[in-house]
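Residues or ranges marked as region 'Amidoligase domain' in Swiss-Prot: 1-266. The UTP binding site annotation in Swiss-Prot covers S14, K187, T188, K189, P190, T191, Q192, K223. Per Swiss-Prot, the feature CTP binding site maps to S14, D147, I148, E149, K187, T188, K189, P190, T191, Q192, K223; the stated evidence is sequence analysis. Summarising the annotation, Swiss-Prot assigns ATP binding site to S15, L16, G17, K18, G19, I20, D72, K239, D240, V241. Annotated Mg(2+) binding site per Swiss-Prot: D72, E140, in sequence order, evidence recorded as sequence analysis. What Swiss-Prot lists as domain 'Glutamine amidotransferase type-1' is 291-542, and the listing cites sequence analysis. As annotated by Swiss-Prot, L-glutamine binding site applies to G352, L380, G381, M382, Q383, E403, R470, with the evidence given as sequence analysis. Residues or ranges marked as active site, nucleophile by Swiss-Prot: C379. Residues annotated as active site in Swiss-Prot, with sequence analysis given as evidence: H515, E517.
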Amino acid sequence: MTTRYIFVTGGVVSSLGKGIAAASLAAILEARGLNVTIMKLDPYINVDPGTMSPTQHGEVFVTEDGAETDLDLGHYERFIRTKMNRRNNFTTGRIYEEVLRKERRGDYLGATIQVIPHITNAIKEKVLAGGEGHDVAIVEIGGTVGDIESLPFLESIRQLGVELGRDRTLFMHLTLVPFLGAAGEVKTKPTQHSVKELRSIGIAPDVLVCRGDRAIPANEKAKISLFCNVEERAVISLKDVDSIYKIPALLRSQGLDDLVVKRFGLECREADLSEWENVIYQEANPNGEVVIGMVGKYIELPDAYKSVNEALKHAGLKNRVSVTIKYIDSQTVEAKGEEVLQGLDGILVPGGFGERGVEGKILAAKFARENNLPYFGICLGMQVALIEFARNVAGMADAHSTEFNKETPFPVVGLITEWIDEEGNVEQRHEASDLGGTMRLGAQLCHLLDGSKAAQAYKGNSCVERHRHRYEVNNKYRERLEQAGMIFSGLSSDRKLVEMIELKDHPWFVAGQFHPEFTSTPRDGHPLFEGFIAAASAHQKRDLK
């Protein structure tokens, strides 16, 4: 199979939405029957985002094969059916790590290792390998043109453009076209300078996607075309919209997919965007609203919970309600108590690391349990629910996780001492182990208890979900917790590890050790999130009565 490559760059400012634009184009091409994948090349020196602060970088998206990746891969999976893997995201740090490892082994036969050709060759190899088996591979280059960190990646795709030829490569550049209120017009000069910068390193864009708060007038498109040496039909206006799921139709209406297909000489059907039209209709026509309190510790940056936010919205679509997320700092719960949890239709406690704010999450679980409020715990959200239950129901007053209190008399949650690395090797973990790459990661089979809410949600006796954690429920206390009324509704493939818990005599109190948000999509939703929002809606209706 001959793979075609679309390289996506960004200029003027960061956060223009390259990932959303790339994913939206991929969605249109997929709707035309093409097999599409998307890659993200990140210029930072970290080997992967696994140890980066969520408040700086946003969430870490985990792929099925256990790679810790950029949150943009979450966008990719929500827009197209192709599942991402570790070949879809790599960083400057990973490239340098692999090149230096080869140098230490002597693979380069004593050559002087340089950015060109050794680093650029390694990047090109990754890009070509990631595109294998697909009709089209869209490659997003992180950062902004002009950043020193991005230069090796830009040089690599420049070389690929020459080596593969125009019939297999296309360069798409996102820029900002701001509107100046004082002048009463949009300004194209930033775009002109951005394209000039890109051309100075040898890349001539074939398509310009112009971001702004409004559509670009035809005369300004003609001006951009003239000064940037791009066909006028290849100047695409991408205005702000109230839903990112409208963007595929917006790009389709301007013929971007036709331009790509013609450029690559591909024969394929017209795009069928009916599934996306249905998503947009559901989003615009809810029959009600629910308020979900998300009790977390990284709430100053909503992108830290990007997939959870989107999964809640998807569940709202399936239940025909709009979901309003109320972000609640878990430390605020510690300081003010239950008053900050009033007026909610459900509580969700997402994952997290470290002791800060954990008691606030435990209080949130207690409030939901005692007030029959729908509760959904994810990863740490399951662990705090179990700790709360152990303390206040099962008679273990000082129960805790050894992550937060190594001297607790009731360590109901403890460190996993054995794990499997990305190469499939069994490794031993201890307190001094590295933080990076030492977690239980990726898709794992989970057996579900017959008759449980989990089994009802999944409509079956098993599921496969993605994990990212290094602490588990301590089996020593399982029997005591079960006797107190806790249901262990999900177990690992070998039935040795607890994956899900529920509570008897509660409308909907469900928690999982895994991260179901990573597999939720706007077209398909996710059964656990759907069940949670359905329970929140039912709780609201009971309150109204």
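Please read every residue number as a count from 1 along the shown chain.
Using the three backbone atoms N, Cα and C, a Cβ is placed for every residue, glycine included.
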Per 10 Å Cβ neighbour count, which of the recorded positions K189, K223, R470, H515 ranks highest? H515
To the nearest Å, how far is the Cα of T188 (UTP binding site) from the Cα of G19 (ATP binding site)? 22
Count, for each of the binding-site residues S14, T188, Q383, the other C-beta atoms lying within 10 angstroms of its own C-beta, and report the residue with the smallest count. S14
Residue, out of the binding-site residues D72, E403, whose Cβ gathers the largest set of other Cβ atoms within 10 Å: D72
Which one is it, among the recorded positions S15, G19, K189, E517, that lies nearest to Q383 (L-glutamine binding site) by Cα separation? E517
Is it possible to get the count of other C-beta atoms within 10 angstroms of the C-beta of P190 (UTP binding site)? 15
Cα-to-Cα gap, K223 (UTP binding site) vs H515 (active site), nearest whole Å: 48
So of G17, G352, G381, which of the binding-site residues has the fewest other Cβ atoms within 10 Å around its own Cβ? G17
Of the binding-site residues listed as G17, I148, P190, G381, M382, the one whose CA lies nearest the CA of E140 (Mg(2+) binding site): G17
Integer Cα-Cα distance in angstrom, K189 (UTP binding site) to E517 (active site): 41
For the L-glutamine site (G352, L380, G381, M382, Q383, E403, R470), what does the 8 A shell look like? I mean other same-chain residues with CB within 8 A of the CB centroid. G351, F353, C379, V384, S401, V413, H469, Y471
In this structure, which of the binding-site residues I148, M382 has the fewest other Cβ atoms within 10 Å of its Cβ? I148
According to DSSP, T188 (UTP binding site) sits in coil
Compare the C-alpha of T191 (UTP binding site) with the C-alpha of each of the binding-site residues S15, D72, I148, M382, E403, and give the closest one. S15
